[in-house]
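A.B. asks: Take this structure first; my questions come after.
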Amino acid sequence: MRPDLIALQERLQHVFSDPGLLERATTHRSFSAEHNERLEFLGDSVLNLAVSSLLYQRLSALPEGELSRVRANLVRQESLYQLALRLPLAQALRLGESLSGNRQRRSRRRCADELQPDEAGSGGLQHPSILADALEALIGAVYLDAGYASAQALVQRLFQDVEISPRMQAAARDAKTALQEWLASRKMKPPQYQVVARVGAAHCPTFEVACGIPALGLTERGSAGSRQAGEQAAAAAMLATLKARNL
């Protein structure tokens, strides 16, 4: 196993019985066709369940709608990015030349709005969406390697130094949270999100995401430079439709 993966494994406090899962979790689609996006998809669901369980235990007096707000704060891209920075994850990521090398710098500049000011010349290693997605992929990899209990334990370790309180709820009321609260107040199931298209170069993709409410027969779409942002855009479009129809 590569030294950077050994260091990451030690920080995760999980020894993989299948090292290939760790390898894939740290491989971006710009590097190989055997990339981490399916693990990210799985890890996203495991993360939400584990965080929901954590909040259910810690904030026992909080009602459902407010729990959803706190959870949204904890699992949003910026929060996951900050958690990922505490791990040697950026060093272990395998990225294509367009992200890790000095080539195609002009192409990268076209996505400059997605980079943080201190990321110039970093080759995308500290790009928030890449690191946040990779962290979700790691959670998915641990789940496949050792089951839900191990993945849940990892999530608990990741959040052990994060202050979790009802005060977090105001910062998290984004479009997805607002839509989920609207549905919950009407005793309806959460919306369904699905990536329906991904276009553009690997280092500068655009995700088209569909947001559906089967009970109402409604579907709206949104596009952005990451899956999470695409979901927010789709949720915002759905909220606009609900408002326009006076629902």
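Each Cβ is built from the backbone N, Cα and C atoms, and glycine gets one as well.
Not measured: the values here are computed from a predicted model.
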A.B. asks: Where Swiss-Prot shows D133, E136 binding Mg(2+), which of E37, E40, E231 is named for the same site?
C.D. replies: E40
A.B. asks: Calculate the distance in Å between the alpha carbons (Cα) of D44 (active site) and E136 (active site), and round it to a whole number.
C.D. replies: 6
A.B. asks: How does the model score the domain 'RNase III' (5-147) in terms of mean pLDDT?
C.D. replies: 82
A.B. asks: Which numbers of helix, strand and coil residues does DSSP report for the domain 'DRBM' (174-244)?
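C.D. replies: Its residues fall into 32 helix, 23 strand, 16 coil.
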